[in-house]
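Below is one structure, written out as structure tokens, with a few remarks after it.
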Amino acid sequence: FKGGDTCEYLLSSGRFLGEKVWQPHSCMMHKYKNSEAKNCLIDKHVVFIGDSRIRQLFYSFIKLINPQVKEEGNKHGNIPFEDKSASIKVDFLWYPEVNGSMRQRIKSWTEGSVAKPHIIVAGAATWSIKIHNGSNEALTQYKINITSIAPLLEKLAKSSDVYWVLQDPVVEDMLSESRKMITNEKIDAYNEAAVRILNSSSRNSKAKVKVFSVSKLIAQETIMKSADGLHLPESSRDTNAMILMNVYCNKIMKPIDGSCCQPQPPLTLIQKLAFCFFTLSIIGYLIINLIHRNNFRKNKSCTDLESGEEKKPAISTPNVSTLEMLLYSFCKLGLIMTYFYLCDRANLFMKENKFYTHSSFFIPIVYILVLGVFYTENTKETKVLNREQTDEWKGWMQLVILIYHLSGASTFLPVYMHIRVLVAAYLFQTGYGHFSYFWIKGDFGVYRVCHVLFRLNFLVVVLCIVMDRPYQFYYFVPLVTVWFMIIYATLAIWPQIVQKKANGNCLWHFGLLLKLISLLTCIYFLSYSQGAFEKIFSFWPLSKCFELNGNVYEWWFRWKLDRYVVFHGMLFAFIYLALQKRQIISEGKGDPLFSNRVSNVLLFISIISFLTYSIWASSCKNKTECNELHPSVSVVQILAFILIRNIPGYVRSVYSSFFAWFGKISLELFICQYHIWLAADTKGILVLIPGYPMFNVLVSTFIFVCVAHEISQITNDLAQIVVPKDNSTLLKRLLCIAGFFSGLLLFSAMQDQSRH
């Protein structure tokens, strides 16, 4: 951490990721769309004043507002541009030399009667070098002229954003004969003079002329692609225009993936209350701990002075009380949440944009696959989708998803489609696991429901408070929570049909199938009736949970994307348990699931189906069209994987303890990555150690995994306290939780009102 303003880094330093993606030092740059640029610059007047290089920058800038603009203006004259829909005026003023004419124009803006531009971008030097044949007298005159202009620019900087663009290097061998006198040595001399003179009278003032020196770095990498050795290629000047847009607009638009030039968000009322709560928890735990230590010292063994024998303490060390365990858990959680806040809300650590390459995704995949195979052990049981196997499945899927997010592989459509299957497989396990539990045990009690809901939602609720994010922002948790409640409602409503009841009368199986068909009908109806879906989730207080950016469209899209897969999981569990009950399948150690012939046929079909889906996903051309087909076909690859993994007895009898370990904390890993592994709410990458990408990933990953594991333990500890098995105690806790959420909604409403 070097301190300072990220705007300075954006304007002065950075590097290329690949050939075209510019990465500023320490912060993330947002790629502005036309609509965003218009919203930012509404009612604004922008002026570019200078030579042909500034004219190039002018055209790239206005193309961010209107991509249809063509470079047709008078090359050696003023060029106006206006967007009447947003009342935006952008002018290019042809002043190729820093001279009296440029000074007079700038001076006119400092006079009270003339409206000042909101943004001024100026720069010139190459014409002075060319016209005066690179003479030293011209450089001396340039210094005199810029010295006379500097106070005027500094005065304008008090009310406007003023940028001085330094001169880019040239390719001397490519210059025409009339430009041969323009050398990099001369350009450096002119740049040095501009930097030394500008802001010389206002070094301690906040109102400064911003020196746009980053274009030099960009030009050093790309000027070889120039057509004439002097002017930048289009991609480079587009990058410069995007940097300008980020410098001015990030503080106005506050894009999530544009951390450059964004001030640290102020603490909300809820965040302040959370900070006080965690502070009190830490203080409370320390006090109790000190009391226990003092008691332990008093009761410690001491020597009898008369006999010289050691006396035993009368009282043994007391067991950890519920209060102490509660405070200890919140104490740890408070420290962890502080780390979350520092990583992704405070401007303390650096953030960088993602940049996808095939190697950045596939090499780590191969690496974790080798590790997973290395840690192979025998399973305790050999049933289909036993606990160790499902933990392993969750584990390797979670690791692949993490690598997918870190590498920015969503830009590569075949990888995106396969990751969609992994997310669907998580939901398939939700349907399979919860259906199996309710069907076999018939436990529809409040304790079970509260325990699952607490386990799923505790971390997300805390993050919503600490990180000031809506519940729907962590979309996967609302998704599995709603599907759990749907599964519970489907099986719990009258008549409650469970395995024990169905074994006595086969007709109950048909009753359950009718329930499943009814569920499928409702899913089908809601998926094609966006209006009905949005009405259901737009009622208060549901709307507070499922709205994102003021509407529930994102929630509908996420739900619709995997709408059938939970039903498929439930149906698979029903069929599998029915086959198991009738002993149609063999689950002995080393035995194939079916007879050899049937097993071989099913295995062959599964492999073909698995590969067919992969070929189809890899040939996808359009994300929208493939997303439409995904809900119906994702189950093909999921079922194929289950059969490949379980039909051969020797494969079913082993599992990877490495993957299973990660599977046990997969939920925490998925949620924690948002803020302490990735950055800017998953849009970028957290940089703890700048300049060493691999070492940075290793360190941040180690901390991230440790934190996820610790949060998993905290959640389990708190679940025992908050969700007791005794119904009367549980009812009291539920009333307390209801009061907590009522208060949260009240404070949230107060926050929203104060923001508006």
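Using the three backbone atoms N, Cα and C, a Cβ is placed for every residue, glycine included.
Since this is a predicted model, take the numbers as computed values, not measurements.
Quick look at what TrEMBL annotates:
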type     : residues : note
DOMAIN   : 22-92    : domain 'NXPE C-terminal'
DOMAIN   : 253-734  : domain 'Cas1p 10 TM acyl transferase'
TRANSMEM : 269-291  : transmembrane segment
TRANSMEM : 325-343  : transmembrane segment
TRANSMEM : 355-375  : transmembrane segment
TRANSMEM : 396-417  : transmembrane segment
TRANSMEM : 452-468  : transmembrane segment
TRANSMEM : 474-494  : transmembrane segment
TRANSMEM : 506-526  : transmembrane segment
TRANSMEM : 561-579  : transmembrane segment
TRANSMEM : 600-617  : transmembrane segment
TRANSMEM : 659-679  : transmembrane segment
TRANSMEM : 685-709  : transmembrane segment
TRANSMEM : 730-750  : transmembrane segment
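Taken as a whole, the domain 'NXPE C-terminal' (22-92) shows an average pLDDT of 94 in this prediction. When each of the listed stretches 269-291, 355-375, 396-417 is scored by C-beta pairs under 8 angstroms to the transmembrane segment (452-468), 269-291 comes out highest. Among residues of the same chain six or more beyond the transmembrane segment (474-494), those with a C-beta under 8 A of the stretch's C-beta atoms are 423, 426-427, 430-431, 434-435, 438-439, 444, 449, 452-453, 456-457, 460, 463-464, 515-516, 518-519, 545-546, 554-555, 558-559, 562, 566, 570, 667, 670-671, 674. Distant neighbours of the transmembrane segment (659-679): 28, 259, 339-340, 343-344, 349, 351-352, 372, 375, 388, 390-399, 401-402, 405-406, 455-456, 459-460, 463, 467, 474, 476-477, 685-687, 700-701, 703-705, 707-709, 711-712, 715; these residues of the same chain sit at least 6 beyond its ends, with a Cβ under 8 Å from one of its Cβ atoms. Long-range neighbours of the transmembrane segment (325-343) within the same chain, counting only residues 6 or more positions beyond its ends whose Cβ lies under 8 Å from a Cβ of the stretch, are 274, 277-279, 281-282, 284-286, 288, 349, 462-463, 466-467, 675-676, 679, 686, 703, 707, 710-711, 714, 717-718, 721.
The helix, strand and coil residue counts that DSSP assigns across the domain 'NXPE C-terminal' (22-92) are 22 helix, 19 strand, 30 coil.
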